[in-house]
Amino acid sequence: MQTRDIPLEVVFEFLPSDDPAFWSRDHTAAILISRKRSSVISSVKTVNFQSSAMAEPEPGTYKVAEAKTAPFDARFPNTNQARYCWQGYIDFHRCTNIRGEDYEPCQYFRHVYRAMCPKSWTEAWDEQREGGTFAGRV
Amino acid sequence: MATPAQLGLMDAASPVMEEMIYFHDHVMLVLILITCLIFYSMLVLISSKYIYRFLTDGHVIETVWTVIPAIILVVVALPSLKLLYLTDELDNPQLTIKSVGHQWYWSYEYTDYYDIEFDSYMLPLGDLSKGDARLLEVDNRVVLPVDTSVRVLVTAADVIHSWTVPSLGLKMDAVPGRLNQLALQCSRVGTFYGQCSEICGANHSFMPIVIEAVPVEVFEGWCDMMLDEESLGSLNMKR
């Protein structure tokens with residue numbers, strides 16, 4: 001599915017911002033010209049990502065996930081972030097085992113491992129935990 | 001994307017790539033100056049009919065032509081190291097996506113706020129529209145918001161691949177068991193192409209990467225569409 005399938009009213013509802021933060025950046029008006037919608041020119045509105053609609057979590061999701069991805073962790077400064085993913089997964093399950101499933105602060109670790117870990121990895125680990133063959137100490 | 005008979009680098013679409021182009025121009029200038037100096041010296045020496053009687057024990061000139069190259073090396077090394085560390089900097093990412101290499105396609109996961117995942121296969125020749133790039137177009141592009149710091153985690157499911165987008169200055173090996181982190185920031189809207197850059201089997205040349213940088217609202221609309229069960233079902237896409 002390509003963005004050219006998105007309705008026009010969503011794509012072209014842009015206005016230059018009055019927000020000084022917008023003009024303080026080195027912006028030139030981005031020209032949005034599509035092959036399929038020729039001669040349409042608009043300017044890009046810089047939206048604070050955290051105030052966008054995506055910040056509103058869907059019902060049933062955890063509140064900690066408000067418009068923030070897993071932050072930089074100084075314990076894992078290098079290119080390979082596999083350990084960060086692993087540590088988030090381990091920490092979440094340790095936290096819920098000790099504090100219970102409903103303990104809200106545990107959701108931070110869930111958010112970290114959901115952001116960092118490929119689904120295939122977490123699904124494999126979930127199966128291993130259910131089968132009692134998981135290598136980590138949770 | 002690259003144009004036919006292109007010699008130089010592609011136009012930059014990220015701040016890091018802009019800096020790489022400046023560095024490339026800087027080093028190219030140094031190299032051209034040195035080359036011109038050498039050729040000129042050779043020309044003059046060869047075409048001269050005189051012989052220099054005091055050729056040996058030239059202590060001053062030997063000192064000069066040791067110190068000056070050392071200075072030239074420092075002039076090249078300082079911006080090089082600065083750029084090297086700049087490419088590693090991750091500027092408080094707002095979005096994390098995962099790029100998993102398979103034989104022979106890429107799959108992408110946006111599991112930060114939503115649960116979006118899809119495969120990205122190269123479009124075969126028969127499926128290309130007029131004006132599409134051969135061997136570069138894919139069925140599902142990586143859609144990202146413009147001017148947003150994105151963390152890309154690159155890994156592989158089988159053999160080593162490499163996730164590359166030259167106009168953004170990105171290249172990272174996709175190694176099974178590793179999660180290699182890349183900092184991505186598109187400065188402008190547009191479509192940016194790349195190809196797998198590590199030999200991975202028969203169809204190594206046929207698993208391209210396409211990034212479509214769009215305004216934030218368009219990205220949100222795209223996310224809503226990806227999450228909509230009905231529209232996905234009609235497109236046979238894996239969620």
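Every residue, even glycine, has its Cβ placed from backbone N, Cα and C.
The topological domain 'Mitochondrial intermembrane' feature in Swiss-Prot is assigned to B:1-26, B:83-239. Sequence annotations record features per position, and here Swiss-Prot assigns transmembrane segment to B:27-48, B:63-82. Taken from Swiss-Prot, the feature topological domain 'Mitochondrial matrix' covers B:49-62, and the record attributes it to sequence analysis. Positions annotated as Cu cation A1 binding site by Swiss-Prot: B:His161, B:Cys196, B:Cys200, B:Met207. Annotation source Swiss-Prot lists Cu cation A2 binding site at B:Cys196, B:Glu198, B:Cys200, B:His204, citing similarity to another entry. The Mg(2+) binding site annotation in Swiss-Prot covers B:Glu198.
Mapped onto this structure are the features recorded in Swiss-Prot.
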| residue | record | DSSP class |
| --- | --- | --- |
| B:His161 | Cu cation A1 binding site | strand |
| B:Cys196 | Cu cation A1 binding site | coil |
| B:His204 | Cu cation A2 binding site | helix |
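For B:Cys196 (Cu cation A1 binding site), the same-chain residues 6+ apart in sequence whose C-beta sits under 8 angstroms from its C-beta are B:Gly101, B:Trp104, B:His161, B:Ser162, B:Trp163, B:Thr164, B:His204, B:Ser205, B:Met207, B:Pro208, B:Ile209. Taking every protein chain shown into account, B:His161, B:His204 are the binding-site residues, and of these the Cβ with the most other Cβ atoms within 10 Å belongs to B:His161. Of all the binding-site residues listed (B:Glu198, B:Cys200, B:Met207), B:Glu198 has the fewest other CB atoms within 10 A of its CB. Residues of the same chain lying 6 or more positions beyond the ends of the topological domain 'Mitochondrial matrix' (B:49-62) include none with a Cβ under 8 Å from any Cβ of it. Surrounding the centroid of the Cβ atoms of B:His161, B:Cys196, B:Cys200, B:Met207, where the record places Cu cation A1, the chain contributes additional residues within 8 Å, namely B:Gly101, B:Gln103, B:Trp104, B:Trp106, B:Ser162, B:Ala174, B:Ser197, B:Glu198, B:Gly201, B:Asn203, B:His204.
Report note: the Cu cation A2 site is defined by B:Cys196, B:Glu198, B:Cys200, B:His204, and the residues of the same chain whose CB lies within 8 Å of the CB centroid of those residues, excluding them, are B:Gly101, B:Trp104, B:Val159, B:Ile160, B:His161, B:Ser162, B:Ser197, B:Ile199, B:Gly201, B:Met207.
Same-chain neighbours of the topological domain 'Mitochondrial intermembrane' (B:1-26): 76, 79-80, 83, 86-87, 133, 136, 166-170, 183-188, 190-193, 213, counting only residues six or more beyond its ends whose CB sits under 8 Å from a CB of the stretch. With DSSP states grouped into helix (H, G, I), strand (E, B) and coil, the topological domain 'Mitochondrial matrix' (B:49-62) comes out at 4 helix, 0 strand, 10 coil.
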